[in-house]
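Database features (TrEMBL):
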type	residues	note
REPEAT	1-29	repeat 'ANK'
REPEAT	25-57	repeat 'ANK'
REPEAT	58-90	repeat 'ANK'
REPEAT	91-123	repeat 'ANK'
REPEAT	124-156	repeat 'ANK'
REPEAT	195-223	repeat 'ANK'
REPEAT	259-288	repeat 'ANK'
REPEAT	288-320	repeat 'ANK'
């Protein structure tokens, strides 16, 4: 009941409860009142001895809650009464990270004015700069950099600010800003490993070109897809041609599919398979007991099965999961089976 009263702003109810001796630090009352922006209730709780740095609730601390929700008056009140601007807790880790994720420039500035550590690590994004870069906030990214944010700091689910920025569509200005301030275009971090990989996977041609122009290693290994070319091959992007033109190794091995040809064959991208074969992709490459032909047969991509065979794919290669004919038979891919049998399976 007390928690609900704090959440709903029932100041009179809270006052009566406190006067009857209820523990002021119980049930995250201060966090709830702070997240809702009830300045007078926050003041009331503080007057009754509430610990402004108590840990608890969804956000971790009252200051984190107020910073996430953007309640400037509450933030100032908490700081005036000793709230630690660098306290850690909750999903977002720090008050600055929470405010940055919410793209709240005024809150970020207020926290900076009170000595917050702009490079503090914590929460899902790791740093405030990572959070701001993910949101695509040019002004906020600039503000953090101006106050000493490390553009190459590692942490959080994205690994780096540059990787975080790649998750937002049309975020070229922020990406350019980070690069202009020394962001390492080949830094490893997060699910995709290197910046070039997510940009290639999502088809952000201008971003890929920008990264390449600034020294991105087209053959860097790491992350979910192993290479940028394999990432592009999963989605049939014209970026694959751009990467090849910049020296991408069509036979590089890594990632969840093994090679770019494995990925293109699995996803059924005919034009991309043709492109890779024209540039010397090994048609019989076996990675983890799987060949491109096995992938195409498994996914019933008849045209690619034909194309691979025409380019020298061995139809009877025995892998960890059997032959192409066996997998086609297992999943009743009759049309694929006929093609394989016609070519000597």
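Note: Cβ is positioned from N, Cα and C throughout, glycine not excepted.
Outside the repeat 'ANK' (124-156) by six or more residues, the chain places 91-94, 96-97, 99-103, 105, 108-109, 112, 118, 162, 164-165, 167-168, 170-171, 173-174, 177-178, 181-184, 187, 189-190 with a CB less than 8 A from a CB of the stretch. Away from its own ends, the repeat 'ANK' (91-123) comes close to residues 58-61, 63-64, 66-70, 72, 75-76, 79, 85, 129, 131-132, 134-135, 137, 139-140, 143-144, 147-150, 153, 155-156 of its chain (Cβ-Cβ under 8 Å, at least six residues beyond either end). Each residue in the repeat 'ANK' (195-223) gets a DSSP state, and the totals come to 15 helix, 0 strand, 14 coil.
Note on the repeat 'ANK' (288-320): its mean pLDDT in the predicted model is 95.
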